[in-house]
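Visitor: Reproduced below are the annotations present in TrEMBL:
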type	residues	note
ACT_SITE	C90	active site, nucleophile
ACT_SITE	H176	active site, proton donor
DOMAIN	4-237	domain 'UCH catalytic'
REGION	311-333	region 'Disordered'
SITE	Q84	site 'Transition state stabilizer'
SITE	D191	site 'Important for enzyme activity'
Amino acid sequence: MSGGWNTIESDAGVFTYLLDNLGVRDVQFEELISLDADALAQLHPVYGVIFLFKFPTDAPYRGEKPLDGAFDNDASENLFFAAQTIQNACGTQALLSVLLNKTDPGAVEGAEAGYVDVGESLRDFREFTMVLPPEFRGEALSNSELIRDVHNSFAKSSPFVDETQRQASDDDEAFHFIAYTPINGTLYELDGLQPAPISHGVCLPGEFPAKVMEVLQRRIARYDATEIRFNLLAMTRDLRIRARELGDVELLAREERKRRDWQFENALRRHNFVGFAGEVLKGVVAATLKEGGDAAYDKWVDQAKDKMRKRIEERKKGAGAGGGGGEDVEMEG
């Protein structure tokens, strides 16, 4: 069961305002459309990346050792690492895995790239949980009303499915969020479904973009060549700060416009439009009946059926030709 947690989309606007609503200052997310280390480096300072991928269903996810890197079983004593104990929480948990390891101004990465003002609530949460083992940190996170309520406020509204009560089935395609971040000179992979943080070796200041992209390229290479359902988001300093420092009016205007778009999209996510669509449909039917009576209505229905039959036939032809039907799959975790 999901324990009262809804799924949220892997979206830069969702994650940016999720952290903003938790009291985090001067942080935003940027979506990366390639595994280009230079593109990531241009966003400096980068605190970490969040990677979304299709959860393996044909083999156990845990093992005695990871497929890449090495378990650092002692690391969780000094860094924030929490076991994932609840369904649907992995997106927010991945964000916090980066964020709650950026609270030390004296970190090896330096104050600019290694420190974030996480706000009073998250500072108190980190202080409370760091004395606990990872499994209890995960329980504390799952039971935090503040974090759960903010997380759920970005879930898409649905009148048909209550995600907080839905049981996952074997037919579901599951996706999972994990985090990569440099901590005290080491590149760590933080995945709440693994027994410990995974070390990917030394990562000096400035090396993170190149090193994390190498790790991600190896990870993606383990999938079938036709699998493209991945998503990568970088956690960076608010780009409006850079624009103001550089006096770049164009960049500042672009970032402000982006924020307005994100706010509008997030507002839409909180509403379902089933009632609106129903009223539109009733209006169309009434107009059709008024125009030509029952005959016009029957003709309209027959035309819709013909279009649907053609669409199904085209989809079958595409699947038969190896095209897979061409359907988009929404990526959530």
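Every residue number used here counts from 1 along the chain in the order it is shown.
Glycine is no exception: its Cβ is also placed from the backbone N, Cα and C atoms.
Where in this structure would I find these features, and how exposed are they?
Guide: The local packing around C90 (active site, nucleophile), expressed as other Cβ atoms within 10 Å of its Cβ over all shown chains, amounts to 27.
Taking Cβ-Cβ distances under 8 Å and a sequence gap of 6 or more within the same chain, the neighbours of Q84 (site 'Transition state stabilizer') are C90, Q93, G138, G192, L193.
Packing around D191 (site 'Important for enzyme activity') is summarised by its Cβ count: 26 other Cβ atoms lie within 10 angstroms of its Cβ, all protein chains included.
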Visitor: Quick one: average pLDDT across the domain 'UCH catalytic' (4-237), no decimals.
Guide: 87
Visitor: I'm trying to understand the geometry here, so how far is the Cα atom of H176 (active site, proton donor) from the Cα atom of D191 (site 'Important for enzyme activity'), in Å to the nearest whole number?
Guide: 9
